[in-house]
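Asks: So TrEMBL says this about it:
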| type | residues | note |
| --- | --- | --- |
| TRANSMEM | B:12-35 | transmembrane segment |
| TRANSMEM | B:47-65 | transmembrane segment |
| TRANSMEM | B:95-113 | transmembrane segment |
| TRANSMEM | B:119-138 | transmembrane segment |
| TRANSMEM | B:143-163 | transmembrane segment |
| TRANSMEM | B:169-192 | transmembrane segment |
| TRANSMEM | B:199-219 | transmembrane segment |
| TRANSMEM | B:261-281 | transmembrane segment |
| TRANSMEM | B:316-339 | transmembrane segment |
| TRANSMEM | B:351-378 | transmembrane segment |
| TRANSMEM | B:385-403 | transmembrane segment |
Amino acid sequence: MTSLMEFKEVDVHYGPIQALKKVSLTVNEGEIVTLIGANGAGKSTLLMSIFGQPRISSGEIIYRGEDISQKSAHYVASNGLAQSPEGRRIFPSMSVEENLLMGTIPIGMDHAEEDMQRMFELFPRLLERRNQRASTMSGGEQQMLAIGRALMSRPKLLLLDEPSLGLAPIIVKQIFQILRDVASSGMTIFLVEQNANHALKLANRGYVMVNGEIRMTGSGQELLVNPEVREAYLGGH
Amino acid sequence: MSQSVGINFKKSSIDALVAGFLALILFGPIVGVLLDGYGFSAEFGRVAWMVAIVVVGRFVMSCFFQTEKGVAMAFRYANNDEGATVLSPNHKSKMVWIIPLVILVGLLVPFVASKYVLTVVILGLIYVLLGLGLNIVVGLAGLLDLGFVGFYAIGAYGLALGYENLGLGFWSMLPIAALLAAFAGAILGFPVLRMHGDYLAIVTLGFGEIIRLILTNWASFTHGPNGVSAPLPTLFGLEFKRRSKDGETFHEFFNLPYDSAYKYMFIYLILFAVVWAVLFIKHRLVKMPIGRAWEALREDEVACRSLGLNHVLVKLSAFMLGASTGGLAGVFFATYQGFVNPSSFTFFESALILAIVVLGGMGSTLGVVIAAFCLTVLPEMLREFAEYRVLMFGILMVVMMIWKPRGIVRVTRTGFAARKGAVK
């Protein structure tokens, strides 16, 4: 397997505070990789640093053989990285279709119609709501919209930041089922989650982050049965 | 309705008394004390009837809102939720009929209206341009700009100084001034890219003042407070003056008696065309990716970053397009007045343009056009009440904030129609 994205000894500072400490991880092509950790472990920081927000203070982020750590966000996005940010962050007063069209910004409108049809097949709920204002939808639908919007730029690597945040368990299940479908089409997914149970079941490999450091790594199954992980993230049962 | 609608007169009376007391505090010193040389005289009569109007008005209003109709009305206005409504995809806008009608009426105006009415309408159209320009920056991109008058001044002085120093006339300066203003927009835009809300407002406020202070104090170039005269537009080289030093004038060429209204007619017709061009361009832009990007930036900047939106480009384009429209308005203002000086470009103008955008409805084109005419033409029509102009603005603003917080015309979005072969 070839590595699609690789973090090499990445440090990130917020002023005097070090948020990431020598983080190294790899995402191979076609894999689902998850990063789990508690609140404030640095998961979202790691994801945002791919888009240069914040800039890393040392180390390298290699994407398809190129160091992208100092590139601009639009350069990164137009080269096949798409992100569904934490807390969904859809555009509330735009319609569902307009939100999806915003996702085409990195690649232009050439495939917009075709891709929108794909999204509606993937998320039939969005088709029902296509002309509705995004803010009037439920949390789960908004999350679907956020994922759909990210997929509209035809990414090679899909970055997801806590897609289960604030959703009912049954909706979380649905979302993860959709992610499974997306992955089965060959999409590489890097998933940042607090919901370790769902995330590790879905993922091929996982990393556990504690206080800005990678504490553990292994296959999804291994981590799922690891006593330490179970103790910390799965409520010990 | 299950609950019987009885009017609670006690509650209304208390409301009225409270309002009367507040009116007494407000009007007492302002209206009640008349300065007379070094002394002053107390005018209790005027205070009394003003307070009386407030008390009676509040009482009637309070009673009305307890009736069935009043409750329904209050409910309707309270239900003003956030954001735009999405129209159905096959919604046919009535504008298709209204626009040709407005164009037709607009083209007839200069030939039927008196010179005075024409000048008022020209002023209205200039403010429409200004409103449309600021609407891109504030209404669409959500960047609060309090120094918009700076670009207006650049356009106006561009024409006047370009004519004086380089001998460029109206037609060459019209595009050049727009470019100059756009360039100034870029200069202002770069340092404020990282700013939001209040901080942005302060910096842009400073920008507007800097432009005005430069115009006032750089006397060797701008002639300071004395101002500069600006040229009139020409029709294929024909001038609109009484007599011309070089070549023929308009009335000589067409064998007409001289009338100073001709120049206003001509300015009006050009301005009318330019306003429609700007309206058309803006209408298209909003539907293009760049227009969506402006609105996206207003709604959620973090999301825009995660989508890889080039926010430098998007913000600068909003600033530059807004500024160039302001520049165009400035050129027309200068040629219409025939003279510019710095006192036309004070902060009050910026506030007025912002009021147009807010009253019209942020992002709404039609609303801005209506508001621009209301705020420029109404004061002209009510000249007898000129002293109360600012008071009226204030009252208008308060009333709007209560009943139509989203502006005269709320932004609507047209939905997308399902395409051929689409999943249904």
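Placement of Cβ uses the backbone N, Cα and C atoms for every residue, glycine included.
Whatever TrEMBL says is automated annotation, not expert-curated.
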Asks: Counting Cβ pairs under 8 Å to the transmembrane segment (B:261-281), which of B:95-113, B:119-138, B:143-163, B:199-219, B:385-403 comes out on top?
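Replies: Between the stretches B:95-113, B:119-138, B:143-163, B:199-219, B:385-403, B:119-138 has the largest tally.
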Asks: Let me spell it out: take the transmembrane segment (B:47-65), skip the flanking residues so only those 6+ beyond its ends count, and list any with a Cβ under 8 Å from a Cβ in it.
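Replies: Residues 7, 9, 11-13, 15-20, 23-24, 27-28, 31-32, 71, 73-74.
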Asks: Per the 3+ Cβ pairs under 8 Å rule, pairs at least 6 apart in sequence, do the transmembrane segment (B:199-219) and the transmembrane segment (B:351-378) touch?
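Replies: No, these stretches are not in contact.
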Asks: Quickly jot the same-chain residues contacting the transmembrane segment (B:351-378) by Cβ under 8 Å, restricted to those at least six beyond its ends, or write none.
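Replies: Residues 84, 95, 120-121, 123-124, 127-128, 130-132, 134-135, 138-140, 145-146, 148-149, 152, 279, 282-283, 286, 295, 393, 396-397, 400, 406-411.
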Asks: Go through the chain and flag residues at least 6 beyond the ends of the transmembrane segment (B:169-192) whose CB is under 8 A from any CB in it; none is fine as an answer.
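Replies: Counting only partners 6 or more residues beyond its ends, the transmembrane segment (B:169-192) has Cβ contacts under 8 Å with 143, 147, 150-151, 154-155, 158-159, 162-163, 200, 203-204, 207, 231-234, 315-316, 319-328, 330-331, 335.
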